[in-house]
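As given in Swiss-Prot:
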- 37-54: compositional bias 'Low complexity' (COMPBIAS)
- 71-78: repeat '3' (REPEAT)
- 95-103: repeat '6' (REPEAT)
- Asn192: N-linked glycosylation site (CARBOHYD)
- Asn208: N-linked glycosylation site (CARBOHYD)
- Ala241: GPI-anchor amidated alanine (LIPID)
Amino acid sequence: MVKSHIGSWILVLFVAMWSDVGLCKKRPKPGGGWNTGGSRYPGPGSPGGNRYPPQGGGGWGQPHGGGWGQPHGGGWGQPHGGGWGQPHGGGWGQPHGGGGWGQGGTHGQWNKPSKPKTNMKHVAGAAAAGAVVGGLGGYMLGSAMSRPLIHFGSDYEDRYYRENMHRYPNQVYYRPVDQYSNQNNFVHDCVNITVKEHTVTTTTKGENFTETDIKMMERVVEQMCITQYQRESQAYYQRGASVILFSSPPVILLISFLIFLIVG
């Protein structure tokens, strides 16, 4: 009987301590809230204050008070007070104030433009899909690949390919797979844009391609485009599965519960 009472008191004490810790976490810190000691616009009874606090009493019309229209008070329009538009106060737009917007004492804190936020979805998509190529209408450049070993049906063509394969592209241009209805359309578009871009770029450097080069280049690029399609399709379905997983109600409830435990 005594042991059960002791266990009950220990449980009550533990719950009380846990509640007190939770309240301490949620209790506002002194000096950091609105109209507290650390506020830029403190109230009449606040321990802290502006850089130029009122110097006198608190009656209206007194020479050193804090009422409206006093010469040395803290009311609106006073020459040495802390109200709005005062030359030495701490209100909005004052040249020597201590905490308002655009004041000299803030050192441009409120005037600095906010930094643009990076969209993490776009960053992740660009990293997974490849870099978007400017001037090619939304095409992306895939990662470098090893040129495949292809047999063209004759010893001459096989030897010619082995001797000239370094002149052919090892990267392909493509668009996201969700813009195509099937693999054939993706590969066809990928081959055309890659061969065209590589041919134009190489020709401007003073190197020309023969009909044999174009034939072999199309075969090589076709194999590379098929590989690129398989990679992109797999990555696309994996991203879709991840979105479905994290959008399911049980997962959302679990994540919300974990966040509640961490924050609370």
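Here the Cβ of each residue, glycine as well, is placed from N, Cα and C on the backbone.
Considering other CB atoms within 10 Å as the measure, the emptiest surroundings among the glycosylation sites Asn192, Asn208 are those of Asn208.
Summarising model confidence by region, the repeat '6' (95-103) averages a pLDDT of 46.
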